[in-house]
Every structure is written in C-alpha cells, then in structure tokens.
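Asks: Handing you a structure now.
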Amino acid sequence: MEESQSDLSLEPPLSQETFSDLWKLLPENNLLTTSLNPPVDDLLSAEDVANWLNEDPEEGLRVPAAPAPEAPAPAAPALAAPAPATSWPLSSSVPSQKTYHGNYGFRLGFLHSGTAKSVTCTYSPCLNKLFCQLAKTCPVQLWVDSTPPPGTRVRAMAIYKKSQHMTEVVRRCPHHERCSDSDGLAPPQHLIRVEGNLRAEYLDDRNTFRHSVVVPYEPPEVGSDCTTIHYNYMCNSSCMGGMNRRPILTIITLEDSSGNLLGRNSFEVRVCACPGRDRRTEEENFRKKGEPCPELPPGSSKRALPTTTTDSSPQTKKKPLDGEYFILKIRGRERFEMFRELNEALELKDAQAEKEPGGSRAHSSYLKAKKGQSTSRHKKPMFKREGPDSD
C-alpha cells in the first residue's frame with residue numbers, strides 16, 4: 001500500500017494548473033484553430049449580438065410559426081405506396097333484359113322449325129325460348145324499321161335468368177374449354193360465338209367481367225327484309241362447372257359507334273341434345289299449368305311461323321256432324337252393350353249441346369240409369385239359402 005501511494009505522488013493530479021503545461025505540448029501548426037475559428041466568428045458576429053440584445057424579450061419567447069407546406073413533389077414510382085390488392089368479385093351490375101325498340105324499331109326473328117327429333121335448332125314463340133344443340137348453327141334475324149347510322153354494331157351477351165345467379169358470369173365448363181374447337185378468334189371460355197363472320201370481336205368487360213361478341217351491323221341484302229346472324233352455343237346447359245342446368249338469357253343489343261344503346265331484345269336459350277323433344281315437353285307443361293302465353297307489346301313479337309303440330313292448341317275445333325251411317329260388327333254381347341251405351345251417350349250429348357244448361361244434368365242421370373240397367377241385366381241372381389236353423 002505504501003509503494004502504490006508513493007507512485008501516485010510522483011505525478012501531479014489533473015487540475016486547472018496543469019492545463020497550461022498540456023497546452024504547450026501541442027504542435028505549433030494546430031489544425032483545430034483554423035477549422036473552428038471561422039464557424040465561431042460566423043455564429044457570434046457583432047451584428048447578431050446587437051440584434052439579439054435589442055430584441056423584445058416576449059418575442060424571443062414566442063414559438064416560431066411553422067413554415068408553409070410546400071407543394072409535394074411528384075413522388076417517384078419506386079417510392080409510391082403500393083396500392084391495395086384488388087379482389088375479383090362477381091360482377092355487381094346486371095345488364096337490363098327489358099325489350100327496347102328505340103327509334104329504329106329493333107326486333108328479333110327466328111326461322112320456323114317444328115318439334116321433330118332431327119331438328120338442331122327450334123324456337124318456341126309461346127315460351128320465347130330457343131332450343132338448340134351444342135355448336136350448331138342458330139340463325140337470328142334482325143328487323144328494323146329504318147336503317148341505323150353507319151358504324152352500328154350488334155352485341156350478343158349471355159346472362160343467367162334467375163335472380164340468385166344473375167351476378168355470375170356465364171362461361172363454358174372446364175371440359176369444353178379444353179376442347180380443340182377454337183376457330184382462332186374466340187377465346188375458349190366464351191359461350192357464344194358468331195359463325196361465318198371474320199369481323200366478329202370477342203370482348204371481356206373490365207368492370208363486369210362479362211363476355212360478349214360484337215359484329216358490325218350490315219343492312220339487309222337486296223330482296224331481303226332482315227339481317228341474319230348465325231350464332232353458336234359452345235356448352236350444354238347441363239354441363240357441371242358451367243351453366244349446371246341454370247337457365248340463361250341471350251341479350252341482343254343494337255349500339256352505335258360510341259356504344260350508345262339503340263335497341264335491345266332478349267330470349268331464353270336451352271342447349272340440349274334433343275331440342276325438338278325438350279321444346280314439346282316444356283310447351284306441354286306450360287299448357288298444363290293453365291298459364292296463357294305472354295302477350296308481347298305491339299311490334300315486339302318474334303317473327304316465327306306458327307307450328308303445325310297436333311298439340312299446338314289445347315282445344316280442338318269441333319267438326320260438323322256427318323249424316324252418313326255406318327254398320328259395325330261386334331263380337332260378344334258384353335262388348336256390344338258397351339259400344340251401344342257409348343253411342344247413346346254421344347247422341348244424347350249432341351242433342352243436349354244446344355239446349356239449356358240443365359241438359360248436362362239430364363245427360364248424367366240418363367247415363368246412370370242406363371248403367372244400372374245394363375249391370376242388373378248381366379248380374380247373376382243371389383239367393384239366400386235357408387237352413388234348418390233359419391227363421
């Protein structure tokens with residue numbers, strides 16, 4: 001301990017008296033003085049000191065106002081904040097399907113075709129529905145009262161008919177999308193195609209994501225009253241992953257070169273394997289419900305010729321009675337009685353048809369009486385056997 005204290009006593013402690021000795025040890029060409037003097041002189045100039053002393057003390061305590069914000073310079077693309085990722089929801093806007101003839105009297109028409117099994121495309125005026133096969137030609141006629149302006153286009157778009165499916169986009173099923181049936185113009189996911197027109201343009205809407213096909217409007221040829229466009233439907237209505245048995249509508253619109261609407265019309269479509277059979281079945285079901293055919297406004301009826309099928313009208317017209325008599329040979333008494341009663345009933349019905357409404361009651365009572373006589377005539381008599389214990 002004594003040796004350590006003696007060593008410390010040899011060196012004087014650092015204090016203000018030792019600062020002068022340390023200052024003398026610095027080299028003569030000191031670089032610190034040349035680098036620090038100019039800034040010190042600038043910060044403590046005589047004018048600044050005088051202004052600072054003459055300044056109002058209250059003003060010195062005030063907080064300086066914030067400088068006015070300058071106009072922000074255009075940020076570089078790399079420094080811009082990334083926009084939030086936009087999702088791809090279902091389309092929010094649903095195209096209108098209401099008929100609109102416009103100033104040019106725009107209407108649709110279809111060729112006449114029956115309900116035979118061999119037909120590939122048939123139109124039902126009562127249902128306003130087109131039945132067609134997959135990828136088969138469907139002629140649609142465009143009728144106008146006056147010629148539209150140059151640059152007019154015709155757009156075809158498919159939407160779902162029911163309200164719960166209207167917001168979804170109609171597209172082909174994955175199986176048919178992979179089929180090698182492309183014509184080089186139509187995208188594989190588009191349902192409707194135009195046949196035989198190289199000027200067809202297939203569009204995908206940016207806002208609604210719906211598919212449509214647009215062709216330039218061509219006036220009718222010489223000797224023709226309408227313009228015909230041949231459409232193809234490239235997926236069945238029953239395909240899983242596509243329409244999936246959901247009914248669809250095809251909306252045909254007439255637009256000018258700027259996209260303004262000039263006319264609109266629509267019809268239902270069913271793509272199936274047997275159009276004639278399906279049309280006949282749906283028309284029968286429609287008539288069984290007792291619903292009348294929807295009356296379209298004047299000028300909007302589809303130009304389809306009436307069908308000549310036997311079931312086209314629920315009530316057949318009565319033919320006038322023929323006065324000629326016929327002789328029918330019938331084998332067997334029972335069968336003869338049945339035909340005789342039927343003939344008498346028909347004769348009575350014809351006789352009472354032009355009389356008062358009470359004739360129907362007399363007709364029914366007459367039939368009951370005749371039926372009772374005929375049945376009692378052929379019934380075997382039933383006898384009660386009397387035994388020894390009977391009364």
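In case you wondered, yes, glycine gets a Cβ from its N, Cα and C as well.
From Swiss-Prot, here are the annotated features:
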type	residues	note
COMPBIAS	66-75	compositional bias 'Pro residues'
COMPBIAS	76-85	compositional bias 'Low complexity'
COMPBIAS	280-292	compositional bias 'Basic and acidic residues'
COMPBIAS	306-315	compositional bias 'Polar residues'
COMPBIAS	349-358	compositional bias 'Basic and acidic residues'
COMPBIAS	368-382	compositional bias 'Basic residues'
CROSSLNK	Lys24	ubiquitin cross-link
CROSSLNK	Lys288	ubiquitin cross-link
CROSSLNK	Lys289	ubiquitin cross-link
CROSSLNK	Lys349	ubiquitin cross-link
CROSSLNK	Lys355	ubiquitin cross-link
MOD_RES	Lys368	N6-methyllysine
MOD_RES	Lys370	N6-methyllysine
MOD_RES	Lys380	N6-methyllysine
REGION	97-368	region 'Interaction with HIPK1'
REGION	110-233	region 'Required for interaction with FBXO42'
MOTIF	302-319	motif 'Bipartite nuclear localization signal'
MOTIF	337-348	motif 'Nuclear export signal'
SITE	Lys117	site 'Interaction with DNA'
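Have a look at these and tell me how they're positioned relative to everything else.
Replies: The Cβ of Lys24 (ubiquitin cross-link) has no same-chain neighbour under 8 Å that is 6 or more residues away in sequence.
DSSP gives Lys288 (ubiquitin cross-link) a helix state. Spatially close to Lys288 (ubiquitin cross-link) yet at least six residues away along the chain is no residue at all, judged by Cβ distances under 8 angstroms.
Listed in sequence order, there are no same-chain residues at least 6 apart in sequence whose CB falls under 8 Å from the CB of Lys289 (ubiquitin cross-link).
Other C-beta atoms found within 10 angstroms of the C-beta of Lys349 (ubiquitin cross-link) number 14, with every protein chain shown included.
Under a cutoff of 8 A between CB atoms, and with a sequence separation of 6+ in the same chain, Lys355 (ubiquitin cross-link) has no neighbours.
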Asks: Take the Cβ of Lys117 (site 'Interaction with DNA') and count every other Cβ within 10 Å, whichever protein chain it belongs to.
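Replies: A 10 Å sphere around the Cβ of Lys117 (site 'Interaction with DNA') contains 9 other Cβ atoms.
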Asks: Please work out the helix, strand and coil residue numbers for the region 'Required for interaction with FBXO42' (110-233) from the DSSP assignment.
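Replies: Helix, strand, coil within the region 'Required for interaction with FBXO42' (110-233): 7 helix, 42 strand, 75 coil.
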Asks: What whole-number Å value do you get for the CA-CA distance of Lys117 (site 'Interaction with DNA') and Lys349 (ubiquitin cross-link)?
Replies: 39
Asks: When the pLDDT values for the motif 'Nuclear export signal' (337-348) are averaged, what is the result?
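Replies: Residues in the motif 'Nuclear export signal' (337-348) carry a mean pLDDT of 88 in this prediction.
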